[in-house]
Amino acid sequence: MPDNEGQHSVARRDGGWKRVVLKLSGEAFAGEEQLGISPKVVGYIAQAIAEAVAKGIQVAVVIGGGNMFRGAELSQGGMERSRADYMGMLGTVINCLALQDFLERLGIETRVQTAIHMSQVAEAYIPRRAIRHLEKGRVVIFGAGLGAPFFSTDTAAAQRALEIGAQAVLKGTQVDGVYDSDPRKNPAAVRFDRLDYNEVLTRGLKVMDATAVSLCMDNGLPIVVFDLMGKGNILRAVQGEKIGTIVCPPDV
C-alpha cells in the first residue's frame, strides 16, 4: 500500500487533486424526475469523470440511493428502520451499475465495489484492491453505503475517502456551495467560500450529516461542495480549481 503521509493536504504541488472521492446524490440521477434514472444526467456525469481520468486524476465515486429509496423516510412511514436502510443500500447499487455502464461505453475501465456481497454484479469492498484499481487508471464506484443501517452515504463517502487515501471529498449538489440558509427559498442567502468544520457543525449548515463532517474534521479531510450540473463543474472540482465552498481545517 502506498505511503499515505500527508494524503489529505488541500492540494498537490501543481495545484490540483491527485485522488478524490466524488459524492453524488441519488436524487441527481433522477434529473427532473423524482424517481428513477435519467440517462441524460448519468451520461453527463460519466463524460465529466472520463475527462478527469484522461488528465490523470484518480476518481472514486459514492452514490446515494434517494432516487430509488430513502431509508429514513420509509421508516417514518412505519417500516422498520434497519430494513428500510438496507433497501436504500440496494438502491445505491442500481445507481452504481448505471454509472458503470455509461463510463464503460466511453472506454473507461470501471469497477463497482459494494459493502454487501453480491458477487454476480460487483466486487466486494477491499480497500487495497480499490487503491490498485485507481492506480491503474480505473474508476471505482462504491455501493451499498457502509453496509450497515443508520449510516448515510455521506458518512460512507468520508470513510471510503480516508481508507483509500483520497485528498478530498467532492460533494455535487443542486446549489453552488454552502449557504447560511436555503438559497432556493431565501434570495438573500449568503454563500460561503470557505468554512472550518466546527463552524459547519455549530451552525448546522447543510454540508453533510454531522457524523460525516466529524469524521472529516478528525482526519483533516477537506470537503468541497459544488453545483453538480453546472457546465464543466465536475472537471473543475476534481482538478482542484476554486469552486463552490471548501470545508477544511482553519489553519490550512
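Note that Cβ sites are derived from N, Cα and C of the backbone, with glycine treated the same way.
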Next item on the list: Name the residue, out of Asp85, Asp176, that Swiss-Prot lists for the same UMP site as Gly65, Leu146, Gly147, Ala148, Pro149, Phe150, Phe151, Ser152, Thr153, please.
Entry: Asp85
Item checked: binding-site residues listed as Leu146, Ala148, least Cβ neighbours within 10 Å -> Ala148
Check: Expressed to the nearest Å, what is the distance separating Tyr179 (ATP binding site) and Leu146 (UMP binding site) at their Cα atoms?
Finding: 28
Check: Out of Leu146, Ala148, Phe150, Ser152, the binding-site residues in the record, which is closest to Gly66 (ATP binding site) when you go by Cα distance?
Finding: Ser152
Notebook entry, point to check: Taking just the CA atoms, what is the gap between Lys23 (ATP binding site) and Ser152 (UMP binding site) in Å?
Noted result: 12
Next item on the list: Could you check the binding-site residues Gly65, Gly66 and say which one's CB has the fewest neighbouring CB atoms inside 10 Å?
Entry: Gly66
Check: Once near-sequence residues are set aside, which residues in the chain of Phe150 (UMP binding site), 6 or more away, have Cβ atoms under 8 Å from its Cβ?
Finding: Arg81, Ser82, Asp85
